[in-house]
Amino acid sequence: MSPSAHPDAPIIIFGTANFGSPEDSKGKLFGPVTVEQGREYLDVLQEFNVDVLDTARIYSGGESEKLLGALDASREFKMCTKASGTLDGCGTRDAVLSAFKASSEALGVKEVDTYYLHTPDRTTSLEETMDTINELHKAGSFKTFGISNLRADEVQHLHTYARSKNYILPTIYQGTYNLLSRQCETKLLPLLRTLGIRFYAYSPLCCGLLINAEAKLQASTGRWDTSHFGGKFMNALYNKPSYIAASNAFQDMCGKYGVRPAGAAYRWVRYHSELEGGLGDGMVVGASSARQLEESLGEIEKGPLEEGLVGELEGLWDLVKEDAPAYSL
C-alpha cells in the first residue's frame, strides 16, 4: 500500500532541501550527505510510488542538486528545481540563465520536468523575468513552469503578461500551507483556481513547529539555530507564545484521538484542507532520515482523520492567525 492507494488525493512530492546539508553549529546533520545515504531515501520513495523530487539552486548551497546528480536521480524520478531566490537581482535575465545552467550541470540533465521561480525579485520587472523563462522553455530546458512565494497580485500580473505574449503559463504554485499557515485560502487559492494553476503545499508540519514547538525552539538546532541567518529569520517569524500554545493544543488533540502528531499534520493537509487531488494539487514532504521518511509516508497512507479530530483541529488557526506571517515572501 502507498499514497497512491488514495488516487483522488493530492500527489506527494519529496522535498530535498536538506540533501547535502552541512552540520548545524551543534554538529547535527539535517539530511543525507553521501550517495549511499541518499540512495536509502530514493529506495523508500520508490517503495511508496512517489516519483517527483523537488530541489532548488539555493538548497544546501547547491549541494542538494549536486547530490541528486551524483545519484543520477533524474533517471528514476521527475526532477523539479528552482531558479536562485531571495537576493535582489535574482530575476534578471543573466541571473536566471546562470541559475539554470548551474542547476543543469549539478543535476546532470539538459531538461528538468518543472522549473520554478523560487521567490519574487521586486528589483527586476516580472516582464524581464518572464521573457527569460520563456527563452529557456523554447530552448527545451523544462516542460512545466512553476512559481513560488509570490503575492496574488504578482501571480495575476505575471500570468496576464505571459498570456499576452503567448508564453508558457505557470501551472503550479508552490506555497506554505498547514494547520497554522492558512493565509493562502483567502485570496491566493481562489485566484489559482480561476487561472487553472495547481497548488503544491510545502511545510505541512509548519517547519516542524506542530511537533513540540517549545522543545524545538529551546533546543535552537537545525533550522532554528540562531547562529545563522536562516535560524534568526525562522525565529522572528514563529517564536511567539501563540505558536507554542497552538502546538501544545495540537499535541493534546492528537493524544486524545491516539494519532501521531506528524501523521495528523500531514493527513490534515492531504485529506481535509482546501487542496484538491482532482485539480492536480500536491503536498511536499521532507525528512531528516530515510527511516523518518518511511514513517511519514506510512502515516499519510492511513487516509482521512476522524471527524471529531478534524473539527477540533479547525480551531488551531484562530490561535495564531493574528501573528501568522504572510503566505508570500
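Counting starts with 1 at the first residue shown.
Placement of Cβ uses the backbone N, Cα and C atoms for every residue, glycine included.
Model, not experiment: these values are computed from the prediction.
Taken verbatim from Swiss-Prot:
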type	residues	note
BINDING	D54, 148-149, Q174, 203-213, 288-296	NADP(+) binding site
ACT_SITE	Y59	active site, proton donor
SITE	K82	site 'Lowers pKa of active site Tyr'
BINDING	H118	substrate binding site
Recorded positions listed as K82, H118, R291, least Cβ neighbours within 10 Å: R291
Between H118 (substrate binding site) and Q174 (NADP(+) binding site): CA-CA distance (Å): 9
Fewest Cβ neighbours within 10 Å, where candidates are the binding-site residues Q174, S288: S288
Most Cβ neighbours inside 10 Å, all chains, among the binding-site residues D54, E294: D54
Where R291 (NADP(+) binding site) falls in three-state DSSP terms: helix
Cα proximity to G208 (NADP(+) binding site), best match among recorded positions Y59, K82, H118: Y59
H118 (substrate binding site) and I211 (NADP(+) binding site), Cα-Cα, nearest whole angstrom: 26
Proximal residue to R291 (NADP(+) binding site) among recorded positions Y59, K82, H118 (C-alpha distance): Y59
